[in-house]
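As structure tokens, the structure follows; a few thoughts come after it.
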């Protein structure tokens, strides 16, 4: 068995080895070369020549002839070696061809391969899919392997782990300093005339990328297509199933909410952008990157974003500092008016793509709800943003009814409840605040807080003759930044009493039975039953009922007879007493345990 290094004449690319038994024929060698290079024509159409340097020596890889050969150029020596009379014949044995030559070694060229006429410069296949597969296999696998914030500037400028193959004509044309330059070219691309990434080239480096039709006096809207032609195209090309949205708060009346550009993997916004027209200072979108973000990414070191003002663009790592504040760390600046800077941004974005999966995999579930659209069965669309919640109604009637309810809540000063901050009658949209997280209490002390918050709201609500009617944990939401809860979704709220069938659409297993009694009516007492239901469906019902008086209180709350249930005022007073007693018992227990340890 012998290893022969082969080079294709007239085609840019690296040499390749072929292992073959010396007892085989040149025809077998042609077949092996065809299989290695996946050529789509018969093997016998290949022409093979020995790469002799003179005497019994082989062409050295260090010579100028071989260097030019790899670039697709034919030197006088290569032309002389590939004359027709020197072609190896298919029936010739390999051993006879090698007779009199030095034993083949590495750093040599042994066989020159000439392709059939008409195929010398034609690609055999598009290399885009193979490039993408290899590139994605280069992703950073673990969170601990992510570069530090301080190293990100160097990281985004490093050569790609898998270079993008370009045909010789494009490779040479883009080498101009006005387009790319050799240093940046060699970080992004490599010569490949056999299977260049034609689809990638045409998709990412399109005419819109190379020759942008926008100038420095254009509006922000005019720049959207330009920014997208780089950022959206690159990210979307690498991650085909990602969610990409832009300008999603423009139609909203609630001010700061969603970013101007949003890129999410598995529902997690790992990359975002804030954009302004050219005449705006870039400090404005830079500050919006941190102001619009409420950190929900747990312990990951950072996510990413950009600030753009016309052609000026800055890349940032966005992180949470030790005090809990969201900060930005500049990792790169670009003047996209110039072609080399646009290519440099592509390099930075592709390198950042290598980090996205590890970040997404280590985010908590809450990060996936930062931006989410929920479609209710009643036709209401709920749009979640970091700080706000939009509710878009299906009918004018429903929009007005819910708006009137929230207007009443505001007039009464109902505490511990969400509130409408802006309205859009044209879009049938109510924007509510705050935005919290759906999380049940994890301890008895937290349950006291949550129930107390609900009862504080009910005291004021009931005092003004209203009832919520749909209290359950999905409508009791925890604040993002503190251990307190608030009541949401007053769409089913009504004045007390209500006659059957009002409220009949509610679920029987989650609501008091008096709502569903034919011919009957229900009052604010249904909300007290619901407070008991919160205890029953909490994570710590057993701990609650371990105290007999608390267990009796739970029975009273959920008594089938509405008149036997306590009022919200009474329930809040009892809850406060239970909370004090539990705190005293906990304090006494700690004292006893401390004495035992001393003993």
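Cβ from N, Cα, C; glycine included.
What Swiss-Prot records for this protein:
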- 470: active site, proton acceptor (ACT_SITE)
- 23: N-linked glycosylation site (CARBOHYD)
- 249: phosphoserine (MOD_RES)
- 281: phosphoserine (MOD_RES)
- 385: phosphoserine (MOD_RES)
- 474: phosphoserine (MOD_RES)
- 587: phosphoserine (MOD_RES)
- 53-109: region 'DWL domain' (REGION)
- 117-590: region 'C-terminal D2 effector domain' (REGION)
- 577-599: region 'Disordered' (REGION)
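What Swiss-Prot annotates, mapped onto the structure for a quick look.
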{"residue": "23", "record": "N-linked glycosylation site", "contacts (Cβ under 8 Å, 6+ apart)": "93, 94, 95"}
{"residue": "281", "record": "phosphoserine", "contacts (Cβ under 8 Å, 6+ apart)": "309"}
{"residue": "470", "record": "active site, proton acceptor", "contacts (Cβ under 8 Å, 6+ apart)": "489, 491, 492, 493, 506, 511, 530"}
{"residue": "474", "record": "phosphoserine", "contacts (Cβ under 8 Å, 6+ apart)": "438"}
{"residue": "587", "record": "phosphoserine", "contacts (Cβ under 8 Å, 6+ apart)": "none"}
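Secondary structure at residue 281 (phosphoserine), taken from DSSP and collapsed to helix, strand or coil, is coil. Under DSSP, residues within the region 'DWL domain' (53-109) fall into helix, strand and coil as 21 helix, 9 strand, 27 coil. Cβ contacts within 10 Å of residue 385 (phosphoserine), excluding its own Cβ and spanning all protein chains shown: 23. A mean pLDDT of 90 is what the model gives for the region 'DWL domain' (53-109).
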